[in-house]
Amino acid sequence: MATTEKEVETTGFTGWIDRRFPMTATWKAHVSEYYAPKNFNFWYFFGSLALLVLVNQIVTGIFLTMNYKPDATLAFASVEYIMREVPWGWLIRYMHSTGASMFFVVVYLHMFRGLLYGSYRKPRELVWIFGCAIFLCLMAEAFFGYLLPWGQMSYWGAQVIVNLFSAIPFIGPDLSLWIRGDYVVSDVTLNRFFAFHVIAIPLVLLLLVVAHIVALHEVGSNNPDGIEIKAKKDAKGIPLDGIPFHPYYSVHDFMGVCVFLMVFAAIIFFAPEMGGYFLESNNFVPANPLQTPPEIAPVWYFTAFYAMLRATTDPFKIVLMIVIGLLGLFALIRARGKWKVGLPVLAVLVILAMAFTESKFWGVVVMGSAVVSLFFLPWLDRSPVKSIRYRPFFHKVFYAIFVLAFLTLAFLGTKPPSPAATLIAQICALVYFAFFLGMPFWTPLGKFKQPPERVRFKPH
């Protein structure tokens with residue numbers, strides 16, 4: 001019985017593959033015939049750089065697992081063995097540890113670009129949500145991997161973070177016990193975290209990255225002007241303001257990759273510890289369950305959220321209760337329909353819950369809410385334009401204050417607590433949440449500039 005094969009444009013070995021697997025079609029759809037806006041700028045390097053660092057982490061992680069021992073009695077020694085005895089082991093380890101920090105650098109900048117140009121707005125809500133989920137996965141991946149060197153700061157950092165879950169009413173103690181697998185951080189915890197860091201979280205992360213890219217290519221990339229290039233097409237259906245990703249942006253991104261790799265190599269070879277921000281001095285000491293370090297702080301990319309956690313004291317909880325009460329009163333006066341009753345009732349219930357639970361729990365809630373609030377950004381922003389370029393000046397001021405508050409929190413999280421630092425952190429935490437909660441009210445206000453009908457572009 002004769003069989004028919006699918007007709008394809010390619011010939012030879014490539015044609016043989018294309019008749020059985022959509023290799024060329026996939027390349028065209030996502031690379032050579034994917035039309036991106038022609039006015040991308042500096043801020044659009046960081047998506048491809050995030051992919052580059054992801055590949056670096058996977059490849060170096062594979063080589064590290066070949067010599068790492070997930071055993072509480074051998075873990076620290078195995079890391080030292082990698083650094084001192086394995087050929088080029090020191091380089092692989094530094095590439096991985098530096099890559100962890102650089103991953104967060106490029107992801108934070110990538111998210112900031114989305115914030116600037118409204119890349120979370122319709123029709124890119126799913127692109128943004130997948131991106132936020134990737135950010136959550138990165139935080140989990142970094143946390144689980146942080147314990148693996150079994151250094152003093154790794155051990156006690158894991159102990160403190162896992163203990164935070166015990167503050168959750170009713171289920172907290174059992175939940176923290178389940179996460180650790182033991183009553184204290186032990187060999188069981190190390191094996192559990194190793195499995196999450198090496199297998200479970202990377203699988204979820206890869207799926208989310210694929211979903212993020214597929215969703216992006218379905219709706220098209222945003223641009224600094226916030227204009228949909230698909231609205232104006234030529235007779236062939238090609239966007240008038242679009243250019244093929246390859247070769248134009250593949251070469252563009254290659255330049256960014258070269259600059260990034262020079263910075264990356266400079267850190268690895270000359271400052272792999274980055275003054276204790278990438279690798280803490282306490283982590284070069286074996287874990288000692290009987291000796292608590294004088295100051296326990298997370299790695300720099302968690303410090304902003306850690307500062308919020310630490311700032312949630314009993315007096316600050318009272319301030320939060322007052323703020324929630326005022327928000328409930330505002331909803332009672334201004335809201336309509338079901339929200340007019342629902343929001344005030346919710347505010348009363350939250351205030352009652354805060355009155356009868358400890359501040360430690362609400363610190364965890366504040367820290368978690370700081371991340372979760374990012375997911376709701378597409379529905380909080382009511383601005384008639386996407387890009388910051390065409391928004392009123394006071395919008396730009398609000399964005400600057402928000403960024404300054406976040407950076408201040410990140411700095412304070414690296415320092416020992418003090419009354420002054422706690423007060424500043426509390427103010428910055430209020431600014432952080434006010435930025436999101438106030439968005440439905442301040443984003444529609446002001447005099448907006450009219451965006452151009454087509455993207456602005458200056459050849460360079």
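Placed from the backbone N, Cα and C atoms, the Cβ positions cover glycine too.
Long-range Cβ contacts of His212 (heme b b566 binding site) within its own chain (separation 6+, distance under 8 Å): Val127, Phe130, Gly131, Ile134. Residues or ranges marked as heme b b566 binding site in TrEMBL: His110, His212.
Using a 10 Å Cβ-Cβ cutoff, His217 (ubiquinone binding site) registers 16 neighbours. Taken from TrEMBL, the feature ubiquinone binding site applies to His217.
For 13-225, the entry in TrEMBL reads domain 'Cytochrome b/b6 N-terminal region profile'.
In the predicted model, the domain 'Cytochrome b/b6 C-terminal region profile' (235-454) has a mean pLDDT of 92. Taken from TrEMBL, the feature domain 'Cytochrome b/b6 C-terminal region profile' covers 235-454.
Taken from TrEMBL, the feature transmembrane segment applies to 42-64 (among others). Away from its own ends, the transmembrane segment (42-64) comes close to residues 82, 92-93, 95-96, 99-100, 102-103, 106-107, 109-110, 112-113, 116-117, 198, 202, 205, 209, 224, 249, 253, 256-257, 260 of its chain (Cβ-Cβ under 8 Å, at least six residues beyond either end).
Under 8 Å from some Cβ of the transmembrane segment (94-115) lie the Cβ atoms of residues 43-44, 46-47, 49-50, 53-54, 56-57, 60-61, 64, 128, 131, 134-135, 138, 142, 145, 222, 260, 264, 267-268, 272, 274, 277-279, 299-301, 374, 377, 399, 403, all in the same chain and six or more residues away from its ends. The transmembrane segment annotation in TrEMBL covers 94-115 (among others).
Positions annotated as transmembrane segment by TrEMBL: 127-147 (among others).
Feature annotation from TrEMBL assigns transmembrane segment to 153-172 (among others).
Within the chain, the transmembrane segment (193-215) has long-range Cβ neighbours (under 8 A, six or more residues past its boundaries) at 30, 51, 54, 58, 61, 65, 70, 124, 126-127, 130-131, 133-134, 137-138, 140-141, 144-145, 147-148, 158. The transmembrane segment feature in TrEMBL is assigned to 193-215 (among others).
Listed by sequence, the residues of this chain that lie at least six past the ends of the transmembrane segment (254-271) yet keep a Cβ under 8 A from its Cβ atoms are 45, 48-49, 52, 91, 94-95, 98-99, 102, 106, 278. Taken from TrEMBL, the feature transmembrane segment applies to 254-271 (among others).
The transmembrane segment annotation in TrEMBL covers 315-332 (among others).
Same-chain neighbours of the transmembrane segment (339-356): 317, 320-321, 324-325, 327-329, 331-332, 362, counting only residues six or more beyond its ends whose CB sits under 8 Å from a CB of the stretch. Under the heading transmembrane segment, TrEMBL lists 339-356 (among others).
Within the chain carrying the transmembrane segment (362-381), a Cβ under 8 angstroms from the stretch's Cβ atoms is held by residues 111, 115, 118, 120-122, 124-125, 128-129, 132, 135-136, 139, 164-165, 167-168, 304-306, 308-312, 317, 320, 354, 429, 432-433, 436, 439-440, 443, all 6 or more beyond its ends. Positions annotated as transmembrane segment by TrEMBL: 362-381 (among others).
What TrEMBL records for 393-414 (among others) is transmembrane segment. Through the fold, the transmembrane segment (393-414) approaches residues 112, 115-116, 277, 297-298, 300, 302-308, 310, 383, 421, 424-425, 427-429, 431-432, 435, 442-443, 446 of its own chain, all at least 6 residues removed from its boundaries and within a Cβ separation under 8 Å.
Sequence-distant contacts of the transmembrane segment (420-442), counting only residues of its own chain at least 6 positions beyond either end whose CB sits under 8 Å from a CB of the stretch, comprise 307-308, 310-313, 316, 319, 323, 327, 366, 369-370, 373, 376-377, 380-382, 394-395, 398, 401-402, 405-406, 408-409, 412-413. As annotated by TrEMBL, transmembrane segment applies to 420-442 (among others).
Under 8 Å, Cβ to Cβ, and six or more positions away along its own chain, His110 (heme b b566 binding site) finds Phe46, Gly47, Ala50, Gly131. Taken residue by residue with DSSP, His212 (heme b b566 binding site) is part of a helix.
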